[in-house]
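K.L.:
One structure, as structure tokens, below. Some questions next.
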């Protein structure tokens, strides 16, 4: 081999090393720049704290409704009586504006517990519990009426009261969210 060929190989090797080094520095710089941007898309600690709540059901008497706050919204938790459950299950689907069975709105084995988001599906008012013709909820803003299962029966509301995601941690405690 001649001296010129050795120099070309060394230059090529040196050039490859410089390209690899520059590329590595650029990649590290890009990651360091993008990491805070991507991390800022994650929910903040206060949002995560509000994403789920646990509610003790042992203080809610049969026939009573309590309101808790979840993600800034009122949530109605009702301990229904056997009569209210039977009444809700006797309703024909053809009588409902937004047909949904009572069984679909509660957790199996916990039929007495109804958990709904307390916001009228018409314009977002908060309905009053144990009011109206159907002894469920009555929206004072525009007169929508819900039965004891939170299903809309009369008025301008197009949908039933929403059921939030929830699970039973024990027989006397639920986690909403």
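Placement of Cβ uses the backbone N, Cα and C atoms for every residue, glycine included.
Model, not experiment: these values are computed from the prediction.
Feature annotation from Swiss-Prot assigns transmembrane segment to 18-38. Summarising the annotation, Swiss-Prot assigns domain 'Rieske' to 88-175. According to Swiss-Prot, the feature [2Fe-2S] cluster binding site maps to 120, 122, 139, 142. What Swiss-Prot records for 125-141 is disulfide bond, and it gives sequence analysis as the kind of evidence.
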K.L.:
Hey, how far is residue 120 ([2Fe-2S] cluster binding site) from residue 141 (disulfide bond), Cα to Cα, in Å?
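P.N.:
So the Cα of residue 141 (disulfide bond) lies 9 Å away from that of residue 120 ([2Fe-2S] cluster binding site).
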K.L.:
Suppose you look only at the domain 'Rieske' (88-175); what would the mean pLDDT be?
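P.N.:
On average, pLDDT over the domain 'Rieske' (88-175) sits at 90.
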K.L.:
Among the binding-site residues 122, 142, point out the residue whose Cβ has the most other Cβ atoms within 10 Å, with all shown protein chains included in the count.
P.N.:
122
K.L.:
Among all the protein chains here, how many other CB atoms are within 10 A of the CB of residue 139 ([2Fe-2S] cluster binding site)?
P.N.:
26
K.L.:
Going by DSSP, how much of the domain 'Rieske' (88-175) is helix, how much is strand and how much is coil, in residues?
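P.N.:
Each residue of the domain 'Rieske' (88-175) counted once, the result is 8 helix, 25 strand, 55 coil.
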K.L.:
Find, among the recorded positions listed as 120, 125, 141, the one whose Cβ has the highest number of other Cβ atoms within 10 Å in the structure shown.
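P.N.:
Checking each of 120, 125, 141, the winner is 120.
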K.L.:
Where residue 125 (disulfide bond) and residue 139 ([2Fe-2S] cluster binding site) are concerned, what is their Cα separation in Å, rounded?
P.N.:
7
K.L.:
I need the neighbours of the [2Fe-2S] cluster site defined by 120, 122, 139, 142. Which other residues of that chain put their C-beta within 8 angstroms of the C-beta centroid, in sequence order?
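P.N.:
Not counting the recorded site residues, we get 121, 123, 124, 125, 127, 141, 143, 144, 155, 156, 157.
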